[in-house]
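Student: One structure, pasted below without further comment.
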Ligand SMILES: Nc1ncnc2c1ncn2[C@@H]1O[C@H](COP(=O)(O)OP(=O)(O)OP(=O)(O)O)[C@@H](O)[C@H]1O
Ligand SMILES: [Mg+2]
């Protein structure tokens, strides 16, 4: 038999091995839930499958009694809109500033210290300041995402821009390019796929900031809902919401990855 | 007037003298091969020609004027690697120079102009034997094909001077020979002035019109940086005998041993 370090799972085996922990967790949950519900039918901590499906039915597929809207849909759209605007603006700022500081030494000298300083400020610590300045509306929540992930994006993209081989920058000049053309025809196109991967990395933090902001001040949104029903210990709502957020995060990441592979084959082929 | 004039040129990095007292004149249309031990300053010389390094003393003149201290379209270059742009296909790489020239802001052209540029680029690619690879990205090409592409890309700009820094160093000897044929051929057609660095002494002996050997005349094994390399041989290609090759080889090898230690 081969050494353990050299043994690989086959295609079926890989799926089976990957699913195994999920199955184990699900079984453990069901057993624990049953045991607790046996002892106390009103237990709220580990709801049964049927209460999950009731809750999902109520949140996702029936209009709410008070507003007549589908709660899950409203929450999802509100959250995705905030996330989308926040991440898009951050990506734009990251792209412009990152390219400028990464390819123009004079810009780097002027701006990098500021960005480094800003990236050290814990964003959640300035959340109250944001609420004071921007009020409790949408702007404050979007701003938190922007302040939270933009310094990372700028620094990451600056580094990516600096990594472009000097040979290529020299090459562009010998082909007659001016600074603007070097940026638009060399740096920018080469940074775009890297922007996508930085955005993928920063999405985790973006969700964190979004949910934190919604938990504190919002009238709808996935984070808002979770923190609202927490008061009633409504695990039957919270857990499906968490699973739904996880799924959304996964889907966004997957879509960005696929888009990048389709749009920038040279980037993924050369790696 | 000579196209390039080198007058008492020195290059030092701090305490280390890399090149000292270089003097030479190169006429328009010459093909100079540069050989020498690793670390003796061949690339440094090329960088000064390119304008990314400046001489610490002396002068480097192009048409009687100091050579511009940043790269521009008068001097084309092919490096050992990373010369072509990975995000453009072969034909786009070759079209780039034309696009940059006709559109200062966008750096892109459309319509009839684009078709004309594309045609020229395809012709150029055909002349380096890449007519089958027009739409391929560099990562889909072999090392030799990438270097052909780099040549095509540099030559379509018609630079006064073409600088080649061991462009074929990473290729198989057989392919390398083909590439030398190609370079010589393009050089004859385009009337360029070429500087080509190569590691292989014997190769330098048969390429182009002139061979320079960079070597340290004085060598202190304890502090090899205290004296710089000079042009110790400046030979017309074709009329050199075996003895010369041998004595150059010996001298370069002993320098290489000290520098490599
Ligand atoms: N930026 C730099 N700072 C300090 N020393 C440098 C710098 N660039 C080159 N050198 C030194 O200059 C010397 C010559 O380097 P160069 O790259 O020109 O050698 P070379 O002849 O091209 O060698 P090879 O054949 O290996 O490419 C080396 O000793 C190197 O360490
Ligand atoms: Mg070198």
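Yeah, the Cβs are placed from backbone N, Cα and C, and that goes for glycine too.
Automatic prediction, not curation, is the source of TrEMBL annotations.
What TrEMBL lists as domain 'ABC transmembrane type-1' is A:76-260. For A:12-32, A:83-107, A:114-133, A:199-218, A:238-256, the entry in TrEMBL reads transmembrane segment.
Please go over these features one by one and say how buried each is and what sits next to it.
Tutor: Taking Cβ pairs closer than 8 Å, the transmembrane segment (A:238-256) reaches residues 47, 52, 55-56, 59, 72, 75-76, 80, 196, 199-200, 203-204, 207, 211, 222, 225-226, 229-230 in its own chain, all 6 or more past its ends.
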Student: Short question: most Cβ pairs under 8 Å with the transmembrane segment (A:83-107), which of A:12-32, A:114-133, A:199-218?
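Tutor: Checked against A:12-32, A:114-133, A:199-218; highest Cβ contact count belongs to A:199-218.
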Student: Using a Cβ cut-off of under 8 Å, list the residues of the same chain at least 6 residues beyond the transmembrane segment (A:12-32) that approach it.
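Tutor: Same-chain residues near the transmembrane segment (A:12-32) but 6 or more away: 46, 49.
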